[in-house]
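Student: Right, I'll just put the structure down here and ask away after.
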């Protein structure tokens, strides 16, 4: 239950980042849309920086409660019928989401024994996938701009309220667990580099791009808008199923297998996309189907190592320490910085240089 509540706080970033794609045809100018879009990641960066400079005495329980309150206040403000309120509300919701995304894995690390952690972290993945499914499904509802903003702000408010109502005020198992409930042989000699590398892999494997632009990418592959929309609903549904299976089968695969295996398949698929897009002897209709299948596989396999990486990063340091909070905050900031670069350049590169040139840097850097 606690894992699901933490997911409501931290997975909000996926929903909010995907939501503004639904506002592009809702009568909002590109300038207004760009400004409102920028306030959410700005809030995430600001709150993460606050965690970074205030990590001398980290308190994840207090931080998560603050995140929930920011979500509630931001949701109320964003629901007001004026555009400045939407931007201010998204700034506050972004701040709450940034805190939640950093602190939720740390809190679970404190509460869950070492052997059971990876399966519990898949609950976060289920929530991430579910929020992506929700955002992609909004296109089917044909909601007005006002309805979309109210739905967005209401989702934030309810998530924060549920956390405050149902989450325990203090870790119930904290006194029963050792200070560092982690296998010391699994700690890297360079934990800071490991944390930043794993977060960068999320970006280079295309996770931010897939979350934000999957329907558009399917259309760029040559599929019809109807087929692209159905696939954009199918891939997060498949993610929910896969992660649920892994959650209920703890210990099925080791951390190393989940991370290296998942990212290894992702790199292979990225190279497969680049070669398929360039292959000259495949008819266009068959090439479109092949590219769509590769992209579907990519969206599925990346969901596994991304969530396991959050677990491994938190385990590199003793729970509740300044180093754990500061390195975790720094690695998330690195990820968000490169995610912003990735999402702002991906579609222009596809349309100017084609699929092969666009996907090749992702494959090589991964």
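Quick reminder: no glycine exception, Cβ is built from N, Cα and C everywhere.
The signal peptide annotation in TrEMBL covers 1-20. For 31-53, 60-82, 88-109, 121-141, 147-166, 198-217, 229-246, 258-277, 289-313, 334-364, the entry in TrEMBL reads transmembrane segment.
Each of these features: where is it, how hidden is it, and who are its neighbours?
Tutor: Listed as Cβ neighbours of the transmembrane segment (60-82) (distance under 8 Å, sequence separation of 6 or more from its ends, same chain) are residues 6, 9, 12, 43, 47, 51, 88-97, 99-100, 102-104, 106-107, 110, 146, 149-150, 152-161, 163-164, 167, 169-171, 320, 325.
Long-range contacts of the transmembrane segment (198-217) within the same chain, counting only residues at least 6 positions beyond its ends with a Cβ under 8 Å from a Cβ of the stretch, are 14, 17-18, 21, 132, 136, 139, 228-229, 231-232, 235, 259, 263, 266-267, 270, 295, 298-299, 302, 305-306, 309, 312-313, 331-332, 334-335, 338-339, 342-343, 346-347, 350, 359, 362, 365-366.
Only residues 6 or more beyond the boundaries of the transmembrane segment (229-246), in the same chain, are considered here, and those with a CB under 8 A from a CB of the stretch are 118-119, 122, 125-126, 128-130, 132-133, 136-137, 139-140, 214-215, 218, 223, 252-253, 292, 296, 299-300, 303-304, 307.
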Student: Restricting to CB pairs under 8 Å, which listed stretch, 88-109, 258-277, 289-313, is in contact most with the transmembrane segment (334-364)?
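Tutor: Result: 258-277.
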Student: Using Cβ atoms and a strict cutoff of less than 8 Å, what residues sit near the transmembrane segment (88-109) while being 6 or more residues removed from its termini?
Tutor: 2-3, 6-7, 9-10, 12-13, 16, 36, 39-48, 50-51, 58, 60-61, 63-64, 66-71, 73-80, 117, 120-121, 124, 153, 156, 160, 171, 181, 310-311, 313-315, 319, 324-325, 328-329, 332
